Amino acid sequence: MSGLPRSVPDVLDPLGPGAPVLVAGGRVTGQAVAAVLTRFGATPTVCDDDPVMLRPHAERGLPTVSSSDAVQQITGYALVVASPGFSPATPLLAAAAAAGVPIWGDVELAWRLDAAGCYGPPRSWLVVTGTNGKTTTTSMLHAMLIAGGRRAVLCGNIGSAVLDVLDEPAELLAVELSSFQLHWAPSLRPEAGAVLNIAEDHLDWHATMAEYTAAKARVLTGGVAVAGLDDSRAAALLDGSPAQVRVGFRLGEPAARELGVRDAHLVDRAFSDDLTLLPVASIPVPGPVGVLDALAAAALARSVGVPAGAIADAVTSFRVGRHRAEVVAVADGITYVDDSKATNPHAARASVLAYPRVVWIAGGLLKGASLHAEVAAMASRLVGAVLIGRDRAAVAEALSRHAPDVPVVQVVAGEDTGMPATVEVPVACVLDVAKDDKAGETVGAAVMTAAVAAARRMAQPGDTVLLAPAGASFDQFTGYADRGEAFATAVRAVIR
C-alpha cells in the first residue's frame, strides 16, 4: 500500500494524511521512519543537531530542523517519532511531553501500521526482551519457527528494523526489543512476549530501575506472557501480567503451565500435558544461560504450535553468534572465551559461572550499575582478574570486598588515571600500556594486548581466560564487536 486508509483507524491516531510529524534523529532509524511516513502520506520534518545527518534528508526534499528550533515549534507537530537513543530527559522530548504531543518510537510506528492493516493482514509478533540473552533467544526462536515450516522474519534489535520487514510475506515476526525501544512503544500488544531476566542496566538512560522494569514489562501485555521464574524481578512481572495465558520457565522441574528441566531434558508442561522437547546436552550455548535461552525460545515457539521435533532440530543445529561465549582458542590446556557481549554485571556473572576456574578480563562503562552482588556470586570461580576500561576502579573495589584472595592486574591506558594506583588485594599490579605501546596500535588494541598477556601469565592448564567485561565498550573501543576482535587478535598473538 502507498497511503494511509481514507478512514484512519483509531490505532493510527494522530497519524493521518498530511499530519505534521517530527522525526527525532536523522541517522539510520530516522531515515527509515521518514521514508515510511512519506510513503503513507504524512508530512515529516527531520530533527538532528548534526548537519551531516540532515543533509541526505534535505536532498530528498524533506524539511529539517535543529533540536533547539524544534523545541520552539513543538506545538506545531501532531506527533514525534523518536529514535531509541533519545531518552525521556532529552530537552526535545521533555518539551513534547509537556506540550501534550504524543511520542512514539519506530517500533510503535511499525506496530500501529501493521495493526491497522497498512501492510496487509497483521503479523503475529513474538517479542523477546530482558537484560541478557535477548539476541540468542530471539535467534533460537526464529530458527525454531523456520524449522517448523512457518514464514517468519528475524527483526528488531537484531537483523533488520521492524519497519524494514513489514513488506515481506511473513506471518510471524521474531522480534528482539531493548528497553529503549519498549519505552517508546506504549501500545504494543504482541501475540506472545517473553521477559528473560531483569538486572540493573541502562540506568544512565532510564531515570530509575522501576522505569527500566516497566519498559520491559510491556512485552507481557499481549495474549501469552512468558517469563523466567528463576529471576525474581521477571517472575514478579509475570504475576502482574494482564495476559490471558501466563507461562513460566525454570532450570528445575516444571509445574503445570511451565517449561523446565527433568531428567536432563527440556520439558513442556504449559502447551502440553507433559512433552519432552530435547536433551540439555544438545544445547550448543554453554552453562545454565544456554538452557534458559532455549526454554524461553521454546515457550514462544510452542505458543504458536511449533512441534517438539522442529524445536529439537533447531536447537541442535543452532550456532552461537559472534562474541557470545565464543571459544577463540585452546592452547596449553587453557581455553580463551570471547563473551564481549556480556556488557553488564548480570551477564558477566552468568558467563563466569559457566566455567569452573576463570581468569576474568573485565571493565568498561558500567552505566550506573553495581557489581557487588555479582562478584560475590562468582568469587569462588575466579583464579585471577585483569581489569580494563574507565570504570575498572569499581570492579577492583568489588573484588577487594568480595574476592580478596583473587590476584588482580589493572591495565592503564596513557592519560587514564581515574583508577587508584593500588587496590587491597594480595597481588596487585598496574600496567601502563602507554609506556610500552606498539606503533600503529589503537588504545583499545594496546589495552587488550596487555590484558590477555597478563591473563595468560595467571592461567594454569584447565583454566578459562574469559572476556566478560560487565560494562559497555565505548570508552576504549568502537563497540562490543571491536572489543571482541581485539581480544581474539591478542589471544592469537600470545599463543603462537
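The backbone N, Cα and C atoms fix where each Cβ goes, and this holds for glycine too.
Record features (Swiss-Prot):
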BINDING   Gly130, Thr131, Asn132, Gly133, Lys134, Thr135, Thr136  ATP binding site
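Positions of the features from Swiss-Prot, shown on the structure.
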residue : record           : Cβ neighbours (10 Å)
Gly130  : ATP binding site : 28
Thr131  : ATP binding site : 27
Asn132  : ATP binding site : 27
Gly133  : ATP binding site : 27
Lys134  : ATP binding site : 24
Thr135  : ATP binding site : 20
Thr136  : ATP binding site : 28
Cβ-based neighbourhood (8 Å from the centroid) of the ATP site, residues Gly130, Thr131, Asn132, Gly133, Lys134, Thr135, Thr136 excluded: Val128, Thr137, Leu196, Asn197, Asp293, Ala347
Per DSSP, three-state class assigned to Thr136 (ATP binding site): helix
Three-state secondary structure, which DSSP defines for Thr131 (ATP binding site): coil
